[in-house]
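Asker: For 20-446, the entry in TrEMBL reads domain 'Major facilitator superfamily (MFS) profile'. Annotated transmembrane segment per TrEMBL: 21-45, 61-81, 88-106, 112-139, 146-165, 177-196, 266-287, 299-319, 331-351, 357-379, 391-410, 422-445, in sequence order. The region 'Disordered' annotation in TrEMBL covers 206-238, 462-490. Annotated compositional bias 'Basic and acidic residues' per TrEMBL: 211-222, in sequence order. Under the heading compositional bias 'Polar residues', TrEMBL lists 463-481.
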Amino acid sequence: MSQGEAAGRGTAKPQDQGWAWMVLVAAVVLQGLTLGFPCCIGVFFTDLQQEFQASNSQTSWFPSIMVAVLHGGGPLCSILVKRFGCRFVVMLGGLLSGLGMVSSSFCKSISQLYLTAGLITGLGSCFSFQAGVTVLGYYFVQWRTLANAVASTGVSLGFTLWPLLSQYLLDEMGWRNTFLIFGGILLNCCVCGAIMRPIQLASGALPQSSKPEEEPGSRAEEAQLSNGASPHHPTLQQHTRRTKCFQMLQKYLAFDIFCQNKGYQIYTIGVTWMMMGFALPHVYLVPYAIHNGVEEHKAALLISIIGFINIFIRPLTGLLSGHRVFTGRRIYLFSLAVLLCGLSNFICVISAEFSVLILYCVILSIAMSGVGALVFQVLMDVVDMDRFSSALGLFTVLESITLLIGPPLTGLLVDITSDYHYVFYNSSFFLISAALFMWLSFCALEKKNKLRKASKAHLDNPSRYQYSESSTEPKAESQSPPAVEFITSI
């Protein structure tokens, strides 16, 4: 038994009641501290440029690294959760986040920020957030859907409060002292982790086989041993290492699903391409507003407006998309939200007046709410739930790559042209093209599947390449929480 499993059986607590609601409060705070934090980096963009004499491209690398690691560290977080348990990983993430921001306050070059605020704080935020979401699956069964929806409001609260706090502290004491204070604030993730006490699952909640499952490759090893091969034979050791490596990739990065499931393939490519432009407004909106004469505190308020509207719109979008009318068609709602995100960027090109930028933020936040509420629900629609965790691993790793390179490449274009309008042109291009690609591809796939059904009506089982239109609502009452799960959010 691993230490993570042992920790998960350490304390007997009833689910869906009592201490579970304290854990939910901690999860709300945790998501506000971790996922909400990167949105405030744009407030410091101009000051960091002046301090280190850095270009737009150089400065944008550090928030890009932070967000990419936050999204792409899921497989590593899952391994740690399985080994040490959720509570330990949340607290470890809090320590790393705090250490990263405290170290950032002493940086002497922009490249040092890549390591401290980018890599260390990003990795810590990833551990705290994803382990914090995983533990909700153990504390809630009947109310698991509600718990995850409530916890996600922490992201919107973080979007609302972080920019305002950042601008106030920046005006009062400069960016170095502000980063030092942020380090102390992020250490509160450890307090949230301490609240998340290990829980003993109810009898029968976690299905276990009477004997361990036979791992792929074990029969081959037994055959070689029966033929007289030594377990320490170099050939057998090499084969064992390859087998274990393959098993690890299969568990956390489901390349087989990507190759076989056309719906998952289209969706993953579309979202990965979309992420090249999705994060650009969050990084460059504040610098763009300041560059066009908007006061700094008003510019910071723009990001807070996006977060505030998200608090109300995201839950409504989730409820609307859950209606049975949209079952099997949520991909089209998602594509529509992405398309609206892309079209809204043209508002900034028309004018940089503060009133116009407020209108832009309102429309963008409504569209973003749709993207955030649907991105993982659509993934559940196109992938079987028993492979969802593996599919999510590859999904988040690929999107983290484009999240990493998108802002710096756009920053390089702004440096060359000295025109911030290219930020919004770029964002619109990637978002609109991704939306059209997913919409048209799924229409073609759906049409192909209908023709296949018609020609093979006598077959009982549909093709494995089918994008299912049947209900895929989560069965909270009958399904147990997965032993290892990593979730990211937009």
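Positions of Cβ are set from backbone N, Cα and C atoms, glycine also.
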Asker: Grab the pLDDT values for the domain 'Major facilitator superfamily (MFS) profile' (20-446) and give me their mean, rounded.
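Answerer: Mean pLDDT, the domain 'Major facilitator superfamily (MFS) profile' (20-446): 84.
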Asker: Report, as numbers and ranges, which residues of the same chain sit near the transmembrane segment (21-45): CB under 8 Å and 6 or more residues beyond its ends.
Answerer: 59-60, 62-63, 66-67, 70, 90, 93, 97, 121, 125-126, 128-129, 132-133, 135-136, 139-140, 147, 150-159, 161-163, 165-167, 170, 175, 178, 182, 185-186, 188-189, 191-193, 195-197, 282-287, 296, 299-300, 303, 307, 489
Asker: Would you say the transmembrane segment (177-196) and the transmembrane segment (331-351) are in contact under the rule of three or more C-beta pairs closer than 8 Å, pairs 6 or more apart in sequence?
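Answerer: Stretch pair does not touch.
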Asker: Count the CB pairs under 8 A between the transmembrane segment (266-287) and each of 146-165, 299-319, 357-379, 422-445, then give me the winner.
Answerer: 422-445
Asker: Can you see whether the transmembrane segment (146-165) and the transmembrane segment (422-445) are touching - at least 3 CB pairs under 8 angstroms, only pairs 6 or more apart in sequence?
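Answerer: No, the stretches stay apart by this measure.
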Asker: Ranking 61-81, 112-139, 177-196, 357-379, 422-445 by Cβ pairs under 8 Å to the transmembrane segment (391-410), which is first?
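Answerer: Against the transmembrane segment (391-410), the leading stretch is 61-81.
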